[in-house]
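This report concerns only the one structure given below.
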Amino acid sequence: MTNNSERKRLEKRIAQLCKFIGRSPWVFHVNSGSCNGCDIEIIAALTPRYDAERFGVKLVGSPRHADILLVTGPVTNQSLERVKLVYEQTPDPKIVIAIGACPTGGSVFYESPFTNAPLDRIIPVDVFVPGCPPRPEAILHGVVLALEKLAKMIKGEVPPEEGEENE
């Protein structure tokens, strides 16, 4: 599958899920000590080539407005309490996506005395997007998985499968 066809499939699925839940997902990004590689790929997913904002997937400035938390980095000792606070400030229902090798498994920082990775030791994680850094297509796939979980939480029912129409 080419990147272009994969991207179009993901875009279509995001639009379908947003229509099903009746709103657009708002996302808050938490950098917990990353090298910024994953952060750059998140921004790439929002640029015109991928254009997740076209479907309403929008970065917000406060966790109090977010449906989805994107967390990058190995969760340094300095960022540990902030990550917990941001999680608590995000209203329910919420979804947490760990973006990159650092929050998903620790990467080169695993068992370092200065980090607390993996992220699921600290807060519940719903979707893991591995990679160092993950491609924008992988991030969009993670958003699709997050939206499917969010749809189940909001609507109390399973969203239609890819290709099926909403009623």
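Cβ coordinates are placed from backbone N, Cα and C, and glycine is handled just like the others.
If you look up Swiss-Prot, you'll see Cys35, Cys38, Cys102, Cys132 marked as [4Fe-4S] cluster binding site. Cys38 ([4Fe-4S] cluster binding site) carries a helical DSSP state (H, G or I).
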Around the Cβ of Cys35 ([4Fe-4S] cluster binding site), the count of other Cβ atoms that are within 10 Å: 17
Neighbouring C-beta atoms (10 Å sphere around the C-beta of Cys38 ([4Fe-4S] cluster binding site)): 27
Entry from the binding-site residues list Cys102, Cys132 having the most other CB atoms no farther than 10 A: Cys102
